[in-house]
Each structure stands twice: as structure tokens, then as C-alpha cells.
Amino acid sequence: MADAQMQVAPTPTIQMRTEEDLSLPHPSAPEGLPPPPPKETFSKFQQQRQASELRRLYKHIHPELRKNLEEAVAEDLAEVLGSEEPTEGDVQCMRWIFENWRLDAIGDHERPAAREPVSGGNVQATSRKFEEGSFTNSSDQEPEGLRPSGGDVQAARQMFETKPLDALRGQEEATQTTMREPAATGDVQGTRKLFETRPLDRLGSRPSIQEQSPLELRSEIQELKGDVKKTVKLFQTEPLCAIQDAEGTIHEVKAACREEIQSNAVRSARWLFETRPLDAFNQDPSQVRVIRGISLEEGALPDVSATRWIFETQPLDAIREIEVDEKDFQPSPDLIPPGPDVQHQRHLFETCSLDTLKGERETEAEVPPKEEVIPGDVRSTLWLFETKPLDAFRDQVQVGHLQRVGHQEGEGLVTECLPSNGTSVLPLSQGVPQNDGLKGDVKTFKNLFETLPLDSIGQGEPSAYGNINRGQNTDSAEQSQGSDAPVYAMQDSRGQLHALTSVSREQVVGGDVQGYKWMFETQPLDTLGRSPSTIDVVRGITRQEVVAGDVGTTRWLFETQPLEMIHQQEQQKPEEEEGKGPGGPPPELPKKGDVQTIRWLFETYPMSELAEKRESEVTDPVSKAETQSCTWMFGPQSLNPAEGSGEQHLQTSQVPAGDRQTDRHVFETESLPASNQSSGRKPVRYCSRVEIPSGQVSRQKEVFQALEAGKKEVPETTINLGSIPTGSVHKFTWLFENCPMGSLAAESIRGDNLQEEQPKGSAGHGTPERQETAAERTLRTLHATPGILHHGGILMEARGPGELCLAKYVLPSPGQGRPYIRKEELVCGELPRIVRQVLRRTDVDQQGLLVQEDTAGQLQLHPLMLPGPGDPGNIEDMDPELQQLLACGLGVSVSKTGLVMQETGQGLVALTAYSLQPQLTSRAPERSSVQLLASCIDKGDLHSLHSLRWEPPTDPSSGPATEESQRVPPTESIIHVTPLDSTMEMGQLRISGSTPCPPPSRAAGKVVLPNGKPVAQAPLQEARKKRDISHAGQKGKAASGRPEASPLGSGAPDLQEAMQNLRLATAEAQSLHQQVLSRHPQGSDPVATSMPVQDVLQASTPATGVTQGSIRPVAGSEARIPAVPRKLL
């Protein structure tokens, strides 16, 4: 029996060898290798053919070896599933599944589906039973067919909406019921439910059944904190809905969330929409509905309250943005219903006081006034309260009665600019006799002050209750003021002056913070026609706080400057600059007539204190604690900054003067001088830092410049190769994640140009095309075969050791398109552990489905029996096919394995396990992953290695040179060969066979073995010839059916011989594949062509027993190839 098995083992090698010889014959001589065929020849057929050959080799593995492999798989699964304690990845995955699975399906597994068709029933009889409480003899009255489950509110609501009560069981049965029970009533519970949820005008209407809410409730969370109840409801939009932002862009609404917060007397609701751009996918515009508005309908009855949210939608293809004038929307007088004028009533409430709206005007003649109104000028009094401190009225104003403010000669109601203190004084006229006939309507003026701004009150018109003589005095005062009083002006950033017509101040108090906002109303200065001597420019506003006892007074002072002084200052400035000269040293002390000093004095001090400035500096400053002053200076600058290399900085100064302290902060920009270096590529960076310690103002400036050309520098984007040890994981991980495979040559590894390659054509296109993800590709493959996906659910796919891709997908109606992913996330976890956690649920359907893809691309469906809820969930209880699929999901596998959770019609969770073949990817250079490359090498995936390998250019001189070729003389190239050992494993052989070597760029070549002895080119050619002879010898042995003698005896299973035969067959397949895929330049010297490492390995393989005399393996050498040459792909 053992002999028969050993005779059958080499059989696949013979057939594969024969097919390979027929399709790709060996050259007659090693000197004349044919040119490689084009890439199009190696299509998917070739890849499937190689995969089928590997499967056939696996079938003919020795039974003992196959049994050992199955035991190793079972041990791996037992090791993963052995610990009962959940890991961090398990908790994260199960939480993700809990959040994205329907919450209403958890814990209620016997509830029928929401859209399950419900057959009709006798609703009237059922309602009567509920009202009377009689449930006897109910079996004979119930129909024998399928009845809806008890308490199905949705089914009862649908029946009440579509059918009348007397027609639910037919007219005859309704008549008999009425005869037996004259006082037949309806379903009170259902009717009340209808009245609470539906408006009265919609009850019983048939079109209501066709209305579908665009929102579908997925989860509801209620939080109760004290008397505040917060409800968060998560909806999903079906069908597709969109929303339009303020800019007109339309976004798809993926999910909607509504937060309701309800307390004692406050109830608020907020809608949150999760959106994505509408152009990111292709959808039919007729299927998209744009949400135009959300309205809330509330209905109140004596004991019933109803609230309904209504979404007003519009089809996307029906939107026509048309600009319509406002005149088209004017209301027609015929459509205005007769009734109270709401706008007029609203205007009255906004403008009139409450006591005038209660009918006080009609009863004014009957009710005597409560208090006699004292005549007075309300405008002057209000002006006094806004401008004068409270302590100024103690000696001038009488308590109890307001005195009328009169005008003295040459004075008006405006301020006078006095040079002594800069304040405005308006004395009160106490000698004006009171006139009993003059009365002021306080309520009217109060209404005016509450509703109208101060500048809009008619100042030129005489008051209706004022005196005629007083009005004449006001006009004369205004005329005299127009010729003598100065005009205040402000200067903008452009240097232009504007006359001030009104000044208003807003004060904002929030907690302990007070803010002031000044607004100036101006007009052009040239329209006034005034002389410069009567124009004062407002330079700053000073806020002065005076505390006297318990009363605090705030005084705002406008500091002005005559316009003529500004012109003199501008004329003196260039004269002073010319007098200094460019070479003269700057004066240490400010001289008389220094423009900068005078300007600083004008900006910080009022005019009345400039004469006493020097004396105040010599003497000790008198500090008054009860007075604080803070000045904001208006320092307009030109829009075009001065172009000069002078140093600009931040200036902070504190000057005590008299009873005030002024702080001035001048922030100016800092220009970057041009670099005078000749290189031009070294950047110059300036970093300015201002440090202000306690009690002292200092300025420090640090300038960091680029190093000189002769100094050593380490660029930020380069990595020194000498400082990196051999096998640095961080270095090569960075290379594989940031550089394309085609640029991983020795120069890029050395760190000269480690720059990320930009994709070609990205600048020409405005929006790049969206790439299909791996999860979407898997869903598309599963959806192509009917019977696999029948409901939306969760997709779990293994991406690598300890990584899972969880995706929530939505399955549209049949004919509406393919499924799409609503949410996708990459989490940590093991697929077998998650499967075991899912199988512990009580609502899992025991009848599962296993989907496997064959070599032809067809999906094979097999039923899968899952353990029940009561089973412990051991490895032995699972299906063998499921065990093999879970074992593939543990490590790095080429095939895509995963699990699909979806809901059945009975509310159960159906599990579908799948294993798909890897699909063909583009040959364009792309960023690779270290895990993907390691998996391809370990598994022997020739197609993936070929798609990721580096292809040399046609010109051998332009190819990248390795580090070894740079250290040897230019006339030689060294190929390092690691011989095979008899204890080499299959994974190591696949690594050596699938690792091509870059072609040498020199004319001559030699082979250096690990023992350090070079081998000439002729022995290398002899080794290749002997390799062919060894292949022929093996072919003859397999054809004759006489295997070699086993050292263990003919009776024992020869495991060593089976391993050698399998190793030889795999090496043959890989050698043939590498020979065809290797590029050989036409017309070049055959000696200079690239020889794959596989050829030398085959020449040195001791399994053949023929070529051991030419090349001997070195004792103690490693069987695995070092990690550094693996990077030269």
C-alpha cells in the first residue's frame, strides 16, 4: 500500500511537466534564450492554471503529512478559542455589531417582521372581547387561517386605515353582529391610537396607506437626569433623501438623529443629519427626494395629545431654481380674510406702553391724574444724565421738581471744547421762572425714548409743550454755534478726514465683563466748506473713572487735535529728517522740535497737559487712587507699508503723568529680508518671540538661518543609511508605505530622495474617481449570485492577523441597484472568536450557508449546520469546512474569508460564511504593505509577487545599481547564492523561488557562494545543463514508476521522499514561471543577461542527487535568505 502511494505521488509532476513543456519549451542551449512573451499572455487563465496545479499537488500529499496539517489547523483554532476571557478586540467588535444591528430586534426574537403581510380578522369581535373581558368560545369564531399575533399595533392600524369597521369581516357578518349586539362599539384602544397619531382629516382616507415615511427608526435612547428627560432617536432614510445647504449644494442624508429634551416647562427638539456629497455616487435623480422643510403638528383634545413631525420633500429632478421678483408675491386684497389686523395690533404692542392699550385713553377724562406733571425739557435732562456725573447735580438741581433748562447767550445744547480740562460744561439756568401752563407728557416722551433713537427726535422743531421765547433762543444759539463752534472729524486708514455728525455708544455687560462699542456717523468734510482752523480731529477716547465715596462716575473724554497742527507736523517731519542726516548718530535725549516725540506726546496726552509735561517728569508724580484712566488711541496708518529694511518691532511703554497712567501698545509687522546666499535652495526662517516678564518689558529676537554649504546638514526628508542597522523594521516599513515598488532601488533605500510620489494625472482632473473598496467588491461578488444576500446586515471580513473589517450594508429593492455600504470600519479582533460570540446568541438560525469560489470564478453554495444555542461551541462541533475557513482567517491569507450577518423573514439572524479568490489588480505602481508582501512570499503567490515586483528598464545601463555593485570594480557583478539545505521548509523554498534578482549592469559576471569562493561563468553554465539533466532524470524515474530506495525501509511511510518530491515539483513550477517572466534584452550579450536566483538554487538543490558534485553546500549556513535582498524587488 505504501508502494502504491509512493508511485502515485509523482504523477501530477509528470503531467504538469508535460504541459509546461508543450506550452513553454526549454531552449536548446542556454546561450540562446528566446525573448519573453508579452504580458497579455499571462492572463487570468494562466493564474487559474497555476492555482489548480498547486491544489492537485496538495491532494497528492502523503496522508500522514496531510493529517499533520489538519492537526496543526485544529491546534491553531484551539489556541485562539481557548481563552474564555474576551479580549479588547472582541469587545470592540461586539460593540460595533450591537450599535449597527437593529436595536428593536434584540431581545424580542418572536416578534414578526414590521412589513410582514397580515391577514384580515374580526376586529369588532376582538374589540368587544377586550371591552367585556369574555374570551370563552373564541376558538370557534376565529378563522382557521394564519392570524396576526396578539397586540400587533401596526397590523391593526393598517386595517383601520384601509377598511371601515363594518367591512372587516363582510357585510353579512356585520349585520348578524349588529342584531345580536345592538350597542356594538369599535376598538377603543386602536381608535385612541389613531386619534393620537393621525389628524382628523386623514382618518379613513385610502391614500394614507401609500404614504411612506422617509425615516425608519433604528434606535432610541432615553436618559433621565432629575426632572430632565432626554430622548435620542436614530433614523435611517429610505428611500434616498437629500438636503440642500445655504450655498445651494445638495448632500445625501445618510442618517438622521433627533434629540428631545423635556423638563418641567421646556421642551426642545433638535435634528442632526449625517450627510455626504451627492456626487460621490451614481443614483437616479428621480429616486432622490430633497427635504424642503420640517414642520411639527400638535393636536390637543381634552385627554389626548398628538405630535407629528412632517417632512416636506420634493423630487430632485423636479427642482427648477427660478428667480421671481418680490412683486409677484404681493398678497391680493381679495384673499385677505376680514378680521383683526394682526400686524397693526403687533405694532401697537411693540410701540405703545401697556397702560395705554388697556383703554386708559378712553377713561382718561374720568380718572383724575395720580400725580401732577412738572414741566421740564426731557431731552436736556436726559442729556445731562448721560454726560454729567451724579455728584455735579447736588448743588444745582433741586429734589422733587425738575427745572427747565434754559440757554444762555452764546451757548447751546452742544459741548464746548475747553483747553483747561477737555470736558464739556452746560450750566443749568436756575433763574427761569416756572410756568404752570407748560406741561410735559412723561408717558409720551418715555415711549419716544424707548422706541426711537436720540438723533431721530426732531431737534429743529420746537416742542409742542415748550415756550416760544425758548425756541427763539435755541435757534439763535444754533446760528451762533454754526459759525464759532468747531467741527469734529475723524481720520480713516487712507488718511481721509470725515466730519462727525453723531456719536453713539453701546455697552455690553456679560457677567463681570463690560464691553463698549463706539459708532460714528460721518459725512464728507469738503461738503461743509469750513476753514481748517475750526476743524478738530478726534485722536482718542479716554475713559476716566472717579470714585467718590460709594458713587462711581465714568467720564468719556474725546481728545482732539486741530487740523492746522497736523499740517504743520507733516511739514516739519521731512525737515527734521533732512537735518539729522543718514550718517549722524541718533540723539540720546529728545530735542526740541523732535517730530517723533511731539507725535507721541500728541497721541498720549491732552493739549492742556503738554505745557506741564517736563515739570511733571521732574517732580514726583502725584498718584490718586480714586481715579483710573484708560485711553484707546486711533492711529491710522497707510495701506502701503513703508518699504525699508529698518527694524520694526513691538513697542510697549508706560508713562505716569499727573493722576493717570497711559499704556500704549504699537504692533507693527516685520519684513523678511531677502537671502543673499548664492545657493538659493536653503530656506531662511525667522522666529520672533516677545517675552514680557513681571514688572519689565523686554524683547528678544532669535533668528535661525540655514547652515553654510561647507557645514554638515541633515535634511528633514532624508535618512542616513549608515545610522540604520541591518534589518531596520521602521526604515523599510516607511519605504513600503510611502514609496512605490518601482522606486525601491538602492538609491532610494540610501535615503537620497525619499519623497512621496504623486499620482499621475491628478492635477488635470478636478475630482478623482472614487475607488471601489474591498468590502464593496465582496458585496458585489456575493450579490451577483442570487440566493446569498436577501436583507441588509453586517459584513465581517478578515484583513490580516488580528484585523477585521466591519461594514454595514443596505440592500435595495430588487431592480433598484446593487448593495451599498453605509458604514465601514477597521477594528482589531480575530474572526473565530467573533463567530463564537455570535453563535451564542439565541436568535441565530441553525441553517447557515457556505459560499466558496472555484477556479473558474463560480460561486458554490453549500448548506452549513451551525451549533445550537445550548451547545458549548467547541471546535469539534463545527463543520470541517467552517473550521478550514476560520483557520484561513487567522493568519495572512490570499483568499478573502469572512462572515455575513443578515436578518431572515422570521426575525432570526442568518450567517453566511464565504471564501473568495483574490481578484486581478492593476499593474500600475502602487503603495504596498509589508504584510501583503510577506504574505505573498510565505504563501508562494506568484501572481501577486509579479504584480508588485520591480521591472527593470530596457537599457541595462539606466537600471538602478545595488549597494554591492557600487562597492566592487565596475567590470564585475556578484550574485550571492544561498544553497538549499536538506532541512529547508516549504515556506523558505517559496521565498527563494519567488524572489527575482535585478539584472547586472556590467559585461562580465561571476557567482560567489557563501563560503567566499568565486565560481566562474563556465561552471555556472554547466550547472544549468546539469539542472536540465536532473529534470530529465526525475521525469524518467516518474515515468518508469520505480522510486528511489527509502532509508527507513519499504514498509514504513517515506515522508522524507514525499517532501522531496513535493519540493521538487514546486521548484520546477516556479522555475519555469520565473524563466518566462524574466526580461532579456534582445541583441545583448547572453553572459550579461540576468539569471534568476531560482536557476542557481535548482543547480545547487541536493534533492536531485545529480548536481551535488559541482556545487557543495556550506555547513552551518542558514537555509533562509537574508531579509535585505528581499527588498530589491
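Glycine is no exception: its Cβ is also placed from the backbone N, Cα and C atoms.
When the residues SER353, SER380, SER629 are compared with Swiss-Prot, the one annotated as phosphoserine is SER353. Among the candidates SER213, SER813, the residue that Swiss-Prot annotates as phosphoserine is SER213.
Looking at 1-49, 1079-1127, the range annotated in Swiss-Prot as region 'Disordered' turns out to be 1-49. Your range for region 'Disordered', going by Swiss-Prot and the list 178-212, 668-702, 1018-1052, is 1018-1052.
Checking SER295, SER305, SER935 against Swiss-Prot, you find phosphoserine recorded for SER295. Around SER295 (phosphoserine), taking its Cβ as the centre, 9 other Cβ atoms fall within 10 Å, counting all chains. Below 8 angstroms of C-beta separation, residues 217-220, 793-794, 796, 802, 804, 806, 808, 823, 825, 827-830, 833-834, 837-838, 901, 903 of the same chain, each at least six residues beyond the ends of the repeat 'Xin 1' (89-104), sit close to that stretch. All protein chains included, SER353 (phosphoserine) registers 15 other Cβ atoms within 10 Å of its own Cβ. Looking only at the repeat 'Xin 15' (658-673), the predicted model's pLDDT averages out at 46. In this structure, SER295 (phosphoserine) is part of a beta strand by DSSP. Each residue contributes its Cα atom, and for SER353 (phosphoserine) and SER295 (phosphoserine) those atoms are 34 Å apart. Applying DSSP to the repeat 'Xin 8' (340-355) sorts its residues as follows: 12 helix, 0 strand, 4 coil.
Across the repeat 'Xin 1' (89-104), the DSSP tally of helix, strand and coil residues reads 14 helix, 0 strand, 2 coil.
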